[in-house]
Amino acid sequence: MQASRRRRTAMSNTLYYQPVQKAEAYYLPQFQTLDNHLSGNQSIYHSPSTTSFSSNGSSICHQESQTYLSDVRQSPETNYGSPITGSCITDDMNDFMHKLKELETVMLGPDSDFLECYDNSLSSSIASQEIDSWRQMMEAFPRRDLKQVLIACAKAVSDGELLTAQVLISELRQMVSVSGEPIQRLGAYVLEGLVARLAKSGSSICKSLRCKEPASFELLSYMHVLYEICPYFKFGYMSANGAIAEAMKDENRVHIVDFQIAQGSQWVPMIQAFAARPGGPPHIRITGIDDSTSAYARGGGLNIVGQRLSKLANTFKVPFEFHAAAMSGSDVQLENLRIRSGEALAVNFAFTLHHMPDESVSTENHRDRLLRMVKNLNPKVVTLVEQESNTNTAAFFPRFLETLDYYTAMFESIDMTLPRGHKERINVEQHCLARDVVNIIACEGIERVERHELLGKWKLRFRMAGFSPYPLSSLMNATIKTLLESYSDKYRLEERDGALYLGWMNRDLVASCAWK
């Protein structure tokens, strides 16, 4: 989550020249409900709206149907102020085979005949005469390196070497663990993606998922934990909000179009910031776009978002309007945006454009169509926040390698801030990250909705649509650097070619930039 540009004028005097800690409060949404804020709690809820990460078009953890592999059961224990839910994985982690079988059952449903048939064929195909070659194969991997076995299995799947893939899958079942080292935990979900792909269920796996959706408050608690333990979303929303605030510092009427509004919490600190502007706040109108499948994560439709933001704006005496556009971002047409003359326009693409089909999927290239449409509206600023990964048009095997590398870094970063024995960690990884991993590995065509591109490709798309870069803000960069200091020194922030990159060690994870 990423590049921001800031301000040193008008609003600067009250917002941007304040100490870093105070500046952060304007751009860093806190994870509390809007209702709590309005009742006197000054800590504002913020959930990632593209949390990036969801296989149905929500984002690095959307708040839509990001449910994954867990049969949710309530527990009397609490953590982070919300009920702890039991995992479909038992606390006894000694029996790896039983655990992974249970994981598959929850993921694909108890009546998933294709998986049972697949396992039966696996057992019959690996006859006793194959045992020696199996052992020789595994001896080729030094110290039974899990990452190398996963790669070898993916290569076998890619090359159609079914027996080799079957043997490696059987071995992998003994090596992965949803409560182990980062690579073991990620390996459990990668393995399920490989099994689904080999069983030729990739095109229907999302439809085959039968695990129960968690209740709204449970899903939000998982996202809350992820939001607090990883700076990715905070980085993205801070940078986007900063760019918009800078562009709108002298405007009297502001229209923000958010292509994935989710809970709408990204705009809470923005409303607060404008309320403190010298000379008074502008009139703010927000058009919130979000597909109806995410309604359960809000506890209702987009009207709830509008009501909450309107109530907040009224509290801060900010003139405010909300327009709900309940549709997929790729379906948006000009008339859905209700553009008015006399309003300065800002468009927010945070963790959402990678869900839009392009020419590799659809006869209509929605990514480029939307950018051209937005450019024709003459916006003052357009923000882009995306995962820095290349999974859109890559063939299966290089896509697998990229996914393994990307999510290894993410799972390792989670390990730094959330103890391995934490009861919520499995739920966080399953509900906010694992489904995306499986979607990237197992699915193709229209079923594969996680289609990330590197920032270089996004820049090309923006330039082809007629955009030019919007400059970064050194003040916001300093604010984000201070934020990262509260996490781990393994996170790094780098400014390159007009964009901000947030990385873990030597791996870029999120990129942010703005355009005009």
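Placement of Cβ uses the backbone N, Cα and C atoms for every residue, glycine included.
TrEMBL: automatically predicted annotations, no manual curation.
Annotation comment: TrEMBL describes 144-204 as region 'Leucine repeat I (LRI)'. Predicted-model confidence for the region 'Leucine repeat I (LRI)' (144-204) is 90, expressed as mean pLDDT.
Taken from TrEMBL, the feature region 'VHIID' applies to 223-288. Here the region 'VHIID' (223-288) has, by DSSP, the following mix of helix, strand and coil residues: 34 helix, 12 strand, 20 coil.
Secondary structure of the region 'Leucine repeat II (LRII)' (304-336) per DSSP, as helix, strand and coil residue counts: 18 helix, 6 strand, 9 coil. Residues or ranges marked as region 'Leucine repeat II (LRII)' in TrEMBL: 304-336.
Per TrEMBL, the feature region 'SAW' maps to 442-516. Here the region 'SAW' (442-516) has, by DSSP, the following mix of helix, strand and coil residues: 26 helix, 23 strand, 26 coil.
Cβ atoms under 8 Å from those of the motif 'VHIID' (254-258) belong to residues 49, 244, 248, 264, 266-267, 270, 274, 282-289, 337, 339-340, 343-348, 350, 374 of the same chain, restricted to positions at least 6 beyond its ends. Sequence annotations record features per position, and here TrEMBL assigns motif 'VHIID' to 254-258.
Annotation: stretch 223-288 has the most Cβ pairs under 8 Å to the region 'Leucine repeat II (LRII)' (304-336), among 144-204, 223-288, 442-516.
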